[in-house]
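Asks: Pulled these features from TrEMBL for this protein:
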BINDING   His175, His226, His298, His487  Fe cation binding site
Amino acid sequence: MAPPKPDNFGIEPTLPAAKGLANLGALGRVEGDMANLPVFGEIPQQIDGTFYRMMVDPFYPLMEGNPPVEGDGNMSVFRIHDGKVDLKVRYVDTERLRLERAANKRLFGLYRNPYTHHPCVRAAVDSTANTNLVHWSGHILALKEGGLPYAVDPDTLATRAYDPFKSPGKTFSAHPKVDPFSEELVVYGYEAKELGSDDVVTYSITRDGTVKDVQWNHAPWPAPIHDCAITTNFIILFMWPFQSDVNAMKGGGQHWKWTNDRNVTFQVIPRRADKVPSGWEVGESRVYQWTRNAFLVHSAAAWEDKSGKVYIETSRVYGNLFPDWASEADLPADPNPESDFVRWELDLSQPTNSTVPDPEVVVPLTSEFPRIDERLMGRKYNIIYLPVAAPDIPANGLPMITSLNALAKVDKAAGTTEFFKPGHPCVVEEPIFIPRSKSSPEGDGWILSMVQHIEQRSSDLVILDSRNFTKPIAIIKMPLYLRGQIHGNWVDAVDVGGAFKPLVRVPEPTKVSGRGALEPQVY
């Protein structure tokens, strides 16, 4: 089912519709404050903090041939306090957006191909900062893996600076992981030295912004490494089956091309170069491969056991989701390929380039954007929350990533799966877990998720209780139809000082003037 199109008397728009996650009919290009959003139901008082949500929202029409992940980063941020919700929407003021706003036109060409940009901006940072928002060291980090972070003010959303930590390398993952046990942000960057290189840098950033444990490695080939997973001692990267080609870029082509001959590949890197397993050399990393080609889009998390094995749970897609990156020599992109959610076992006692066994299927459904109780990041966990394409709901007719129409709670130990089904046709976005308290059991709390109602052209932020997952306890109605989410994160008020700060404009306090309709006229 394609998003409905308003009848505009056949007149074509000057700003073409966005693709992918953003192509649900929302106009976008909005900034502003919206106070005290309508709430159906009751928001628990314990939910006190901010949901930072990122949208892809091109300010100017994109060059033809761009993929769905291209477009400027626009933040939709919800502050929840005392049962009330305020919303602020604001673009990340990236270098490229400021240059284009000054010129009042599009200056940048294809995704991550500076050879297609206008010559006057080829030396500029072309990151759109449009993928994720992570709170660290007093900043909200607006992230895009083709560049370094933009630091954003957590309250005003004003863009503070580019590269606040003076990071090594030229790139920074959109999926760094917070290790809650060591209190570090674990980071990697790929193509980290130059365009099309196989250089990978890994490191950690402490709470005070200090960069430590820097290591340089080489990926098996110049591949996109969109997501990772961490354990206590390792960072696990997984390569998407695409290949970069600088010569093609110089000719005006795409940064990436799909390759059917690249099998599922993991690179395991010790987080600290001198702390390696028995049989490893200091500073060594190892590569492990499966026997088939597949697309591992996102991970839930990973853990290690005492026997020297690492387990990682990911989505698994048998096909290319990006038609703009299809190779003429290989199969074309498939908008709805076979997919599921699986657990991989990596035996670190095996030498590099060893083959891993077939994964165990955890969720036999099309699913994506998995999240866990991140108080357990890097350790063994049980509960997973993830959007799925529920088998008993009619398909919404959209490509795989936007075909997800229900939210699942997977209890691996109990072997159960519960569903929240918001109605048809809709799109359910990445869930965000909020613990009920700092000491509550794993997975006990609330889940935030945006639901896009396609026919009604409306957006709801729903709140679910993990103890009664199938029905929301509160629905926050949006005053406008929001662009689709890429990723987002919750920041609890306790973790940023606890004192409430207004997100939206608050009028200056005033006193009663004494000039109301019931007061005597004063001459």
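From the backbone N, Cα and C atoms, a Cβ is placed for every residue, glycine too.
Any TrEMBL annotation is an automated prediction that lacks curation.
Describe the structural context of these features.
Replies: In sequence order, Met54, Thr131, Asn132, Leu133, Ala174, His175, Phe369, Glu430 make up the list of same-chain residues 6 or more apart from His487 (Fe cation binding site) whose Cβ falls under 8 Å from its Cβ.
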Asks: Starting from the Fe cation site formed by His175, His226, His298, His487, give every other residue of that chain whose CB sits within 8 Å of the mean position of their CB atoms, in sequence order.
Replies: Thr131, Asn132, Ala174, Asp227, Val297, Ser299
Asks: Mind giving me a neighbour count for His226 (Fe cation binding site)? Other Cβ atoms within 10 Å of its Cβ, every protein chain shown.
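Replies: That number is 20.
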Asks: What residues, ordered by sequence, lie under 8 A Cβ-to-Cβ from His298 (Fe cation binding site) and sit at least six positions away in the same chain?
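Replies: Same-chain residues close to His298 (Fe cation binding site) (Cβ under 8 Å, separated by 6 or more) are His175, His226, Asp227, Thr314, Ser315, Glu368, Phe369, Pro370.
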